[in-house]
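Here is the structure we will look at, set down as structure tokens.
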Amino acid sequence: MKQQQTFSNAGICLLSLLVLLVVAASTAHARSTKSGFQVDSEDGRLSVPELVSKYGYHVEEHSLSTDDGYRLTIHRVQAASYTNGTVVLLMHGLLCSSADWLMIGPGNALAYLLANEGYDVWLGNARGNRYSRDHASINPDDDNSFWKFSWHEIGRYDIPATIDYILEQTGHRRLQYVGHSQGTTGFFVMASIRPEYNDKIIQMNALAPVAFMGHMKSPLLRFMTKFLKTLDILLAVFGVGEFMPNKPILHEIAQLICPPNSTVHINMCAHLLFLLAGYNPSQLDPVMLPILFGHTPAGSATRQLVHYAQEVLSNRFEMYDYGKLKNVLIYGSATPPEYDLSRVTAPVVMYYGLNDFLATPEDVNRLARKLPNLKRSVAVNDVLFNHLDFLIASDVRHLLYEPVMEGMASAEVAD
């Protein structure tokens, strides 16, 4: 047993180093050099409440439970002058947390920009990350059954429970939703299998929307998809369902191999990130790397990654594949059913990058044709804009966040 545990720990360490770069490809953050805002390297060591408080905003931490017993912690951010504005929920991507929307700091990060405009900003945390690693009866450290979920359960349980809690707390009937990457996947799951939640959404604002992945271009991720199912089986054998928990050692490793004082052209991490997400060196500032790796990876279940690998190989937006025999027992068919996107009736506006290796224009356009209430599908006005840039680009405020906020305001006027 000790030899098995040593093997599994070593394997996880090696896989973690690789996926550390994958995480950064979908969630890295950078200082907005053109705006002149200077981030503090110590921000990577702060929790979300500490980070928000540091910059003079009001912050609250709320706990809620899902129908299947998971305990989630979400964060609320308001400007000092807040007076009962429109409610907005921001939902993070894979292996990430509510910190995604804060790390590039006031004047640049979307959570602060929305708060400045008078929004009541709520930041979600999916099950299994550092802020939502809890359950009513299952200990995640001792019982591997805690980790038997993918982003299907996030869409089925976590996002609905979060929406219900926020609306109850605020007294509002509907809210704005902003998701990035997996935050969009979970929404489309929810809106298709629990369509009653469409009526609770003013507008779904999808950044780098991920549903179909048949055209995913990253060569490293294409390679990883070939062994992720095997990885899922191996980790199940060794009783390890958690993937990439938030640990300081990864932050220290990142500081060694991704020096923040190097230029983007010689930074090894930067080049690997581009290989994963698309090449756009003018929008990435290595100064942000220590802050990024202080907050991410934030932890997830292995099945979340496996489910995405399944999407790449099947070229379908479908439920989790348990294998033919178990699929018959669960779904009544040998293959997992596809999500019915015709049931996503909430207004949707999508923003995509022309150079996004993970949410490619081809796959986003396919998704657009499936949505019955798509208002707009907008290509960001930068031919090199990639998956990474939705949260870290030096010009992200001008290129993306200002148009997103204008679109949200228009939806509220028409509401």
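Keep in mind that glycine also has a Cβ here, set from the backbone N, Cα and C atoms.
All TrEMBL annotations are machine predictions without curation.
Not measured: the values here are computed from a predicted model.
Features reported for this protein in TrEMBL:
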- 1-30: signal peptide (SIGNAL)
- 48-103: domain 'Partial AB-hydrolase lipase' (DOMAIN)
- Ser181: active site, nucleophile (ACT_SITE)
- Asp356: active site, charge relay system (ACT_SITE)
- His387: active site, charge relay system (ACT_SITE)
Task: Residues in the domain 'Partial AB-hydrolase lipase' (48-103) grouped by DSSP into helix, strand and remaining coil - done: 11 helix, 22 strand, 23 coil
TODO: State the count of C-beta atoms found within 10 angstroms of the C-beta of Asp356 (active site, charge relay system), not counting that atom itself.
DONE: 30
Open item on the list: Return only the integer: C-alpha distance in Å from Asp356 (active site, charge relay system) to Ser181 (active site, nucleophile).
Closed with: 11
- [ ] Would you count the other CB atoms within 10 A of the CB of His387 (active site, charge relay system), including those on all shown protein chains?
- [x] 30
Task: Cβ neighbour count within 10 Å of Ser181 (active site, nucleophile) - done: 28
